[in-house]
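Features reported for this protein in TrEMBL:
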- 19-148: domain 'Peptidase metallopeptidase' (DOMAIN)
- His81, Asp83, His96, His106: Zn(2+) 1 binding site (BINDING)
- Asp88, Gly89, Asp108, Glu111: Ca(2+) 3 binding site (BINDING)
- Glu111: Ca(2+) 1 binding site (BINDING)
- His130, His134: Zn(2+) 2 binding site (BINDING)
- Glu131: active site (ACT_SITE)
Amino acid sequence: MNSSSRSQPQPLNYTFLPGKPTWPPNKRNLTYSFPVIARRDVYPAILHATELWAFFSPFRFSYTQDYGRADIKISFQYGNHGDGYPFDGRGGILAHALPPTIGILHYDADENWVNGEAAGAFDLQTIGLHELGHILGPGSGKGFGTRI
């Protein structure tokens with residue numbers, strides 16, 4: 001929100017990405033995958049995150065073992081991993097995702113990740129849910145995406 005006066009906030013109209021990328025209208029069934037060496041605890045976290053997005057969006061999700069052909073590729077990466085958005089080690093940047101139709105979600109492998117809650121750790125599902133919103137694109141969540 002932009003406030004031109006203290007009592008009348010005005011919405012900002014902007015985009016972070018030129019062209020406002022979206023999935024094609026006929027692409028509502030998205031596949032996701034992990035590389036073979038992925039942490040096992042990320043599977044249930046992402047499954048639950050995709051179930052939530054399926055409830056609040058027009059998208060449906062299914063797991064595929066074919067990482068190379070998946071619409072959404074989820075992995076853990078360290079430091080400068082080649083996508084132009086390097087991680088910074090522990091603390092700071094936790095994860096990032098690339099927009100439709102690139103469909104990449106990277107968790108910072110240097111962070112302490114858990115599936116649930118633990119002191120000094122970050123929840124795989126919560127961060128995955130947020131990052132999936134970036135992959136799905138603006139306006140995907142029927143109000144849900146604006147809350148996360």
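Cβ from N, Cα, C; glycine included.
Heads up, TrEMBL stuff is auto-annotated, nobody curated it.
Counting only same-chain residues at least 6 apart in sequence, those with a Cβ under 8 Å from the Cβ of His134 (Zn(2+) 2 binding site) are His96, Ala97, Leu98, Pro99. Its Cβ placed at the centre, His106 (Zn(2+) 1 binding site) has 22 other Cβ atoms within 10 Å.
In the structure as shown, the Cβ atom of His130 (Zn(2+) 2 binding site) sits within 10 Å of 16 other Cβ atoms. Here the C-alpha separation of Asp88 (Ca(2+) 3 binding site) and His81 (Zn(2+) 1 binding site) works out to 11 Å. In this structure, the C-alpha atom of His106 (Zn(2+) 1 binding site) lies 9 angstrom from that of Glu131 (active site).
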